[in-house]
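Trainee: I grabbed these lines from TrEMBL:
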type     : residues : note
DOMAIN   : 293-333  : domain 'UBA'
REGION   : 274-296  : region 'Disordered'
TRANSMEM : 6-23     : transmembrane segment
TRANSMEM : 84-107   : transmembrane segment
TRANSMEM : 113-131  : transmembrane segment
TRANSMEM : 152-176  : transmembrane segment
Amino acid sequence: KAPLSKSLLLVPSAISILLTLLFQHYQKFFAYNLQAIKEDFQIWRLVCGRTICLDLKDTFCSSLLIYNFRIFERRYGSRKFSSFLLGAWMLSALFDLLLVEIAQYIFGITINSLPSGFLGPVFALFVPFYSSIPRVQVTQVLGHFSITNKTLVYILGLQLLTSGSYIWILALSGLVSGICYNSSILKVHRILCVPSWVAKIFSWTLEPIFSSAEPTNEVRVGMGATVDIQRQQRMELLDRQIMMSQVAQMRRQRQQQGGMINWNRLFPPLRHRHNANYQDHRPSEQGTPPPTEVSEEQVARLMEMGFSRGDALEALRASNNDLNVATNFLLQH
């Protein structure tokens, strides 16, 4: 369900490896030479220099990041994902030139070339990754440092950031472009987007090449998790099925009695959390307050991760509309 991510993962990486091992004399055409762009107006260098990495370390790190960021193509669709990449690519190209001029004007640093590759949009994807992907704790190191499902991605980004001398310019321009594209105030996403007819052409031609069928021998898991969390989910699948069957049985019993499910009694981890439906942790049987209003946006986020609407509603109500707690609860049960 991520043909664009697969194409960005395979095609540029293959070209980068071929240029490094077999066709070194063609690498000059893929260099991100700012001097040639500004003085000789070689605009084609923007396309070549900002698409293919000439450093295999950058290729490896950016490929792993694209693999982790494929969740956005699954969540938003290929057209919206490609629109984000296109907008971030164009905005980051503009910010690259501006930051180089600012560095020369303030610090007197003359920068004639920058690291090549599809790095600006990759750094721009950290903006929606930080803001929209729930943080789920996996373990702790030395009892103080939390390891979450997002830690590995941030480590890869830090590794990519420290791989070159001027790559901080690409990282800063990518983050700024991601913020600008994600911002609802600037409305950049309405201007820099892939037309529907272009998306249809690519869906007819390239999508059959890079798309693959959904595995039939594996169970569906939450898309908001990393590979390690997905393995943990498979291991805990039996426990979750047993727990959900108990919830369904209790729901039927309570519906027959005209009451609501006492989630605090069923799930002790949520017992000590403040809940508007249960004051002083002693629910009243005589006058039950109305259920907590659940945000449809948070329900949609949980459903995009692979959970059913009923489970999402019950988890959000039990956690008092806390998305992180509800996500963590659903992943562990």
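Cβ coordinates are placed from backbone N, Cα and C, and glycine is handled just like the others.
Automatic prediction, not curation, is the source of TrEMBL annotations.
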Trainee: Based on DSSP, tally up the residues of the domain 'UBA' (293-333) by helix, strand and coil.
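Mentor: Residue counts for the domain 'UBA' (293-333) by secondary structure: 29 helix, 0 strand, 12 coil.
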Trainee: Report, as numbers and ranges, which residues of the same chain sit near the transmembrane segment (113-131): CB under 8 Å and 6 or more residues beyond its ends.
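Mentor: Same-chain residues near the transmembrane segment (113-131) but 6 or more away: 8, 12, 16, 30-35, 48-55, 58-59, 62, 65-66, 69, 72, 84-85, 88-89, 91-93, 96, 100, 150, 153, 157, 160, 163-164, 166-167, 169-171, 173-175, 177-179, 181-182.
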Trainee: Tell me, roughly as an integer, the mean pLDDT over the domain 'UBA' (293-333).
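Mentor: Computed over the domain 'UBA' (293-333), the mean pLDDT is 76 on the 0 to 100 scale.
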